[in-house]
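In TrEMBL this protein carries:
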- 21-171: domain 'NADP-dependent oxidoreductase' (DOMAIN)
- TYR57: active site, proton donor (ACT_SITE)
- LYS87: site 'Lowers pKa of active site Tyr' (SITE)
- HIS120: substrate binding site (BINDING)
- 189-250: domain 'NADP-dependent oxidoreductase' (DOMAIN)
Amino acid sequence: MAFQSTVPEVTLSSGQKMPVLGLGTATYSTVASEIVVQAVVQAIELGYRHFDTASFYQTESTLGDAIQEAIRVGLIKSREEVFLTSKLWCTDAHPHLVVPALQTTLRNLKTEYLDLYLIHFPMSMKHGITEYPAKPEDFLPLDIKSVWAEMEECQRLGLTKSIGVSNFSSHSSLGSFGTSWGHNRVMESEVLKEIAEGKGKTVAQICLRWEYEQGIGVVMKSYNKERQQQNLVIFDWALSDEDCKKIGEIPQRRGQTVEEFVDVNGPFKSIDELWDGEI
């Protein structure tokens, strides 16, 4: 019988249940769509039921294809068996564009609703801008009150079950300041290596278990089937108080500062202003 894990769930403010461990689909280099489809399908086979995407990632359509394929081969019976999260990109973070943006996302994902829709970043850009990083003159202050009202309208219309925000606060709870994409600085921590060796676990499993014990929902990213499986095996054991104490003493800072969103002429003029001094 194939390995399959059951992931615990947390109850959102909407009353909806969300699996605490999900698979992310953000790719910062070109990845063939068939590779993403294969990764998602094998993740469903292993027991993943929460999948994270975004308009900006350009993986919504591919994720939708993967869900359809998983249904076709009998891994799941319907779309209702998975939890889908997507995000409103900055160029659509204008009141009159919120509902149409979500409708486009739903078409891409080949579904009638999302489980969770998030405002991707606490800022907006001129509509139609495709260049990234955007030019300073393309950034605009976010009318959060009006945009949020339209997010609530999306929920009222049944286009999404839950709504929320993303990157409005410091993240990367075991991140290291200035860590570039793809860098293994956290994975090379001697403290984490020692704990992992003592428990017969991988460093990634120690990190994921620590986050789970902190009450944090985690979106992990691996298209490797073995690592996907390893990352699921974190719910039937626990860290000791001493382990948690050692991990808690590791300097914890934001992994990515998103400096490209900061400009003296933009809505956020410094890193401290963008993240409210949290880093």
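Placed from the backbone N, Cα and C atoms, the Cβ positions cover glycine too.
Please treat TrEMBL annotations as automatic predictions, because they have not gone through curation.
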Exercise. In the domain 'NADP-dependent oxidoreductase' (189-250), how many residues does DSSP put in helix, strand and coil?
Worked result: 37 helix, 3 strand, 22 coil
Seminar exercise, completed: Row the residue listed as 'active site, proton donor', column other C-beta within 10 angstroms, all chains, value 20
Exercise. Do you know which of the recorded positions LYS87, HIS120 has the most other C-beta atoms within 10 angstroms of its C-beta?
Worked result: LYS87
Seminar exercise, completed: CA pair TYR57 (active site, proton donor) / HIS120 (substrate binding site), Å rounded to integer, equals 11
Exercise. From the Cα of HIS120 (substrate binding site) across to the Cα of LYS87 (site 'Lowers pKa of active site Tyr'), what is the distance in angstrom?
Worked result: 5
For this session: Name the secondary structure element type, per DSSP in three states, that contains LYS87 (site 'Lowers pKa of active site Tyr').
Result: strand
